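One structure is given below, encoded as structure tokens.
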Amino acid sequence: SSVDAPLAPGRSVPSPTLARSTPSVHGNNHADDIELSEANAQSAQLRSRGQKSISQVHVARPSNFRARIQFFALCWTLFLLGWSDSSTGPLLPRIQSVYHVGFAVVSITFIANCIGFVIGSTANIVLNDKLGFGKVIVLGSAAQMIAFSIQASAPPFPSFVIAYTINGFGASLGDAQANGFVANYKDNAATKMGILHAAYGVGALAAPLVATQFAQLHRWSFHYLISLAVATLNTVLLVCVFKFQTQEECLAQIGQAAEEKELVGGSKYKEMFKLKALHILAFFTLVYVGVEVTIGGWIVTYMIHVRHGGPSSGYISTGFFGGLTVGRVAFLWVNNKIGERLAIFIYLFLAIGLELVVWLVPSLIGGAVAVSLVGVLLGPIYPIVMNQSGRILPRWLLTACIGWIAGLGQTGSAALPFMTGALASKTGIKSLQPLLVSMMVLLIGLWAWVPKGHQRQD
């Protein structure tokens with residue numbers, strides 16, 4: 001750079017005082033000094049918080065091996081989230097019988113999980129600034145370990161519900177940090193986001209296979225011991241791979257210099273909530289996650305009561321989450337070919353058609369197949385929303401924004417299942433399908449309102 005270049009013969013170093021007092025022809029020196037003062041103030045502010053500025057982070061040579069290890073650790077975090085989310089559905093009828101509660105009361109588990117998730121997504125903004133990526137994501141995994149430890153003992157119903165709140169808090173931190181990290185990738189971010197959420201689908205596919213077996217055993221709550229093992233492995237993996245480091249340091253280790261745009265004269269909360277696109281994406285995610293969790297959580301009960309399926313109906317939930325996993329990987333080329341925005345419209349229209357089949361065709365097998373195909377079509381939507389967020393929202397607010405989107409989305413995972421339970425307690429579980437179809441129609445309208453994400457606003 002010009003700062004490091006040797007001086008030409010006969011030239012002397014200009015006095016900084018003289019440079020400041022002598023205006024240039026174009027009048028830029030004073031503005032440069034102001035920018036320099038602001039930059040120094042920002043660096044001092046970063047140091048006072050114990051963080052490293054971008055210039056202080058050493059960027060290593062690109063390391064594919066380390067990048068793969070980091071990405072695998074993030075995928076395992078999403079595997080744990082998928083496992084946790086899909087465990088409840090097959091266990092729901094057993095939880096009702098053990099605790100002697102009806103549809104409306106058992107739906108409180110979804111509300112409790114949502115409360116924890118929203119608390120976590122809100123706290124994530126502050127925690128991310130104070131602790132950094134590496135510590136926050138480990139904190140989230142540790143919270144899930146605590147929740148599973150409580151649930152494994154089959155405690156009284158209030159304690160069982162509180163554990164869902166703790167689990168939701170931990171899941172929100174892991175979800176926000178993992179998505180924010182991958183959204184900041186500069187190479188193949190869309191593909192990696194699809195794979196990341198396919199890992200969620202794998203976890204959501206595996207859990208019902210295990211939970212369905214435990215639901216028929218006397219020690220049904222021991223399912224949460226398996227969940228505890230998955231969470232413990234996740235915590236150990238995150239500590240060993242990321243070593244409590246910041247996102248900038250972790251990205252630098254794989255050869256990616258992070259971009260940082262420090263906020264001056266305001267708060268992240270204030271800057272975030274000025275973004276109209278953030279609110280639209282968050283509300284879309286609220287409805288989408290609500291639909292996804294409602295299908296995974298209530299479809300087993302629907303098939304048992306309406307289609308007269310047996311205890312093995314729990315495997316229908318496995319089919320749904322299996323379809324979710326397949327769709328997130330198999331449709332990556334479709335998303336690239338026709339564009340992610342158009343793809344979501346197509347997936348939603350087709351999913352509505354299949355949901356009508358589940359609703360109107362009185363066939364257990366036909367309904368099970370249709371539910372699996374609905375999973376295939378809904379699968380790519382969440383990763384696409386995360387990709388669009390990375391293109392639309394400012395990069396320096398991205399992790400905080402994704403945390404908020406995921407947190408508000410989790411509100412849907414409580415609101416819609418709870419609404420389903422409340423309706424079922426009055427009109428029967430047959431009300432599930434009309435609710436799902438109406439929510440999918442709403443998703444189409446919301447997606448039309450989302451701004452096009454051709455360029456990132458930095």
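Positions of Cβ are set from backbone N, Cα and C atoms, glycine also.
Features of the protein shown, as given by TrEMBL:
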- 1-31: region 'Disordered' (REGION)
- 14-27: compositional bias 'Polar residues' (COMPBIAS)
- 70-456: domain 'Major facilitator superfamily (MFS) profile' (DOMAIN)
- 98-119: transmembrane segment (TRANSMEM)
- 131-150: transmembrane segment (TRANSMEM)
- 156-174: transmembrane segment (TRANSMEM)
- 195-215: transmembrane segment (TRANSMEM)
- 221-242: transmembrane segment (TRANSMEM)
- 277-304: transmembrane segment (TRANSMEM)
- 316-335: transmembrane segment (TRANSMEM)
- 342-361: transmembrane segment (TRANSMEM)
- 367-385: transmembrane segment (TRANSMEM)
- 397-419: transmembrane segment (TRANSMEM)
- 431-450: transmembrane segment (TRANSMEM)
PLDDT averaged over the residues of the domain 'Major facilitator superfamily (MFS) profile' (70-456): 88
Whether the transmembrane segment (397-419) meets the transmembrane segment (316-335): three or more C-beta pairs under 8 angstroms: no
Non-local residues, at least 6 beyond the ends, that sit with Cβ under 8 Å of the transmembrane segment (431-450): 277, 280-281, 283-284, 287-288, 290-291, 294-295, 298-299, 302, 341, 344-345, 348-349, 351-352, 355-356, 358-359, 388, 416, 419-420, 423-424
Two-stretch contact, the transmembrane segment (277-304) and the transmembrane segment (316-335), at least three Cβ pairs under 8 Å: yes
Contact check, the transmembrane segment (195-215) vs the transmembrane segment (98-119), 3+ Cβ pairs under 8 Å, seq sep 6+: no
Cβ pairs under 8 Å between the transmembrane segment (367-385) and the transmembrane segment (316-335), at least three: yes
Proximity verdict for the transmembrane segment (221-242) and the transmembrane segment (342-361), three or more C-beta pairs under 8 Å: no
